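These features come from Swiss-Prot:
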DISULFID  CYS29-CYS50  disulfide bond
DISULFID  CYS35-CYS55  disulfide bond
DISULFID  CYS39-CYS57  disulfide bond
SIGNAL    1-22  signal peptide
SITE      LYS49  site 'Basic residue of the functional dyad'
SITE      TYR58  site 'Aromatic residue of the functional dyad'
Amino acid sequence: MKAFYGILIIFILISMIDLSQQVFINATCTVSSQCRPKCIEAIGQAASKCINRKCKCYP
């Protein structure tokens, strides 16, 4: 059981590190396709989402 908790803690820490790589840019949007060119310009990657009318880029 101790091994399970240890693996769970490691998984949570790795997930937090991965989530911290997201980049919000000050660009308004209504659909995710509007974020792609803005994210390519900002960080050089096309992976993006439109969340709460703001573009979120993923490196």
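Cβ atoms are placed via backbone N, Cα and C, with glycine included.
Location within the structure of each feature annotated in Swiss-Prot.
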| residue | record | Cβ contacts under 8 Å, 6 or more apart |
| --- | --- | --- |
| CYS29 | disulfide bond | CYS35, LYS38, CYS50, ARG53, LYS54, CYS55 |
| CYS39 | disulfide bond | ILE25, GLN45, ALA46, ALA47, SER48, CYS55, CYS57 |
| LYS49 | site 'Basic residue of the functional dyad' | SER32, CYS35, CYS55, LYS56, TYR58 |
Could you give the residue numbers and ranges of same-chain residues that sit at least 6 residues beyond the signal peptide (1-22) on either side and whose C-beta is under 8 angstroms from one of its C-beta atoms?
56-59
Would you please pick out, from the disulfide-bonded residues CYS35, CYS50, CYS55, CYS57, the one with the fewest other Cβ atoms within 10 Å of its Cβ?
CYS50
